[in-house]
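Chemist: Following this message is one structure expressed as structure tokens.
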Amino acid sequence: MAFLWLFSLWLLVPGTQGTKDGDMRLVNGASANEGRVEIFYRGQWGTVCDNLWNILDANVVCRALGYENATQALGRAAFGPGRGPVMLDEVECTGTEPSLANCSSLGWLKSRCGHEKDAGVVCSNETGGVHILDLSGDLPNALGQIFDSQQGCDLFIQVTGQGHGDLTICAHKLILNTNPEAQALWQVVGSSVIMRVDAECMPVVRDFLRYFYSRRIEVTMSSVKCLHKLASAYGATQLQDYCGRLFATLLPQDPTFRTPLELYAYAQATRDSVLEDLCVQFLAWNFEPLTQAEAWLSVPTALLQALLSKSDLAVSSELDLLKAVDQWSMESSASHAEVERLLEQVRFPMVLPQELFELQFNLSLYEGHRELFQRKTMEALEFHTVPFRVLAKYRGLNLTEDTYQPRLYTSSTWSTLVTESSSRSRAAVQVYGYAQYYPYGYDSRRWYYPYQSFQTPQHPSFLFVDKLISWSATYLPTVQSCWNYGFSCTPEELPVLGLTKSSYSEPAIGYENKALMLCGGYSVVDVANFAGSKAPIPSALDTNSSKISSLFPCSSGAFSGFRVVIRPFYLTNSTDLD
């Protein structure tokens, strides 16, 4: 017990937690006060690129490690190249920050540097009389081993899984008493306590209790829901908040869509409106791959109703959406009235006349809902064949209603994909007023940037089916690239997507265009508006930079591409409607 008591006292000493994001160390130096700078982030150590590296940045490192100042700020891997990721680049400190993580930079994992540019420092030998022996990094593992031993306990936890077998785990009140998150357990009077958990959460109970000892836990797609549930039930607020933030990270990682659907059901059961909205948003942006997954047929009716009501639902076309609903209905237990309500959400005016005619032959839903289909088809045909001014005058249609507005249609009719390979093989450069062409790769840092030229109809109405408008979409990572393509940009807003149209469009038609951020080639993790001719590109990961992060982090650290979607609509207040 003396050993346990000493460990518990150690836990109470300030600064005895394990390594955390932003911690720094010096590696490969000839003495303790010099070396390659490494910084900790998300469970691993990485290096810092020497771009903009100077003595102010080095001072931050040295002072954080107990030295008075830095004497040298070195680059070009002066202490040898490191291994692992390059965590930070273009670091700019004032010299007073507690860590490089608090300085201005490109953000975590945004560098394109190689390890030949790893930054290093030499710190002064003066430590102001302070000498630190810090072995606290070993403490979490040692306390975890005490839990694993299941010996010397004074608290016995009976875990019941609601008819699926019980589990008895012993714990140590003295250790639990040092952790405010374990208050629900250490405040128990007596030597035993009962934990009632769902049967599906039994496998993670031991990890949950061990977390109170080591203050470290691995959270996966399969465990996040149960850990969030246990943390909520037992007041482990830090773990609860962490899991809550992690939901957004985990949603894009499951191509089967089982995790988003399970989390949606969990959010409804616990009345967690924030998590519910998060799941609905992710599934709306990724509606197309959802309809192609096996999980599509198990989507709840209420969730499908919520999805179909959204304008920011991404799908190839409204016809493909209707076909997916038709397929879903064949396996669903939804009532006739529930299916009718779903069909009311379909935007029939966004389906072309020929496709509307063919619905009666191609949809299993048609016969059971013939009256609705005929009514919706007639309304859609009026939209396609009658000029806007006549519709507004004689029908009194409110063309601002959702049914007359396009969603995020990702087919080639209404969108284009911009990736690193989506440009022409040659780049044009203006030299003395003449266009000269260079092969792919010419001075790529200055002149070559991904772009796409494409055409779309001016409007979804069949009246405009042959009236095309030309667009150019460009990825703009630098101020120079903005100048090259005729845009005005500030360094703070970069990178951005640029979008221009190069042909005439009807004055009665406006555009609310969108940019979809793609991760891993298939998941949409964020959507940005084109304000004028530019759409901001968020950070792919949640970083310490001032730039906004994507709603759903992209685990690779970079977007795989961008889909530009054109969304025309009638300007109902236009004075020129002919």
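For all residues, glycine too, the Cβ spot is worked out from N, Cα and C.
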Chemist: From the list Asn69, Asn573, pick out the residue that Swiss-Prot labels N-linked glycosylation site.
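Modeler: Among Asn69, Asn573, the residue Swiss-Prot annotates as N-linked glycosylation site is Asn69.
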Chemist: Could you identify, going by Swiss-Prot, the member of Cys123, Cys153, Cys170 that forms a disulphide bond with Cys62?
Modeler: Cys123
Chemist: Quick one: which of Cys49, Cys170, Cys201, Cys226 does Swiss-Prot link to Cys113 by a disulfide?
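Modeler: As annotated by Swiss-Prot, the paired cysteine is Cys49.
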Chemist: According to Swiss-Prot, which residue out of Asn102, Asn125 bears the annotation N-linked glycosylation site?
Modeler: Asn102
Chemist: Looking at Asn398, Asn544, which is the one Swiss-Prot tags with N-linked glycosylation site?
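Modeler: Going through Asn398, Asn544 one by one, Swiss-Prot annotates Asn398 as N-linked glycosylation site.
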Chemist: Mind giving me a neighbour count for Asn398 (N-linked glycosylation site)? Other Cβ atoms within 10 Å of its Cβ, every protein chain shown.
Modeler: 10
Chemist: Reported in the order helix, strand, coil, what are the DSSP residue counts of the domain 'BACK' (260-360)?
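Modeler: Output for the domain 'BACK' (260-360) reads 77 helix, 2 strand, 22 coil.
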Chemist: Measure from the Cα of Cys93 (disulfide bond) to the Cα of every one of the recorded positions Asn69, Cys113, Cys123, then give the nearest.
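Modeler: That would be Asn69, the closest of Asn69, Cys113, Cys123 to Cys93 (disulfide bond).
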Chemist: Could you round the CA separation between Cys49 (disulfide bond) and Asn362 (N-linked glycosylation site) to a whole angstrom and send it over?
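Modeler: Approximately 59 Å lies between the Cα of Cys49 (disulfide bond) and that of Asn362 (N-linked glycosylation site).
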Chemist: What's the number of neighbouring CB atoms sitting within 10 A of the CB on Cys113 (disulfide bond)?
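Modeler: Excluding its own Cβ, Cys113 (disulfide bond) sees 17 Cβ atoms within 10 Å.
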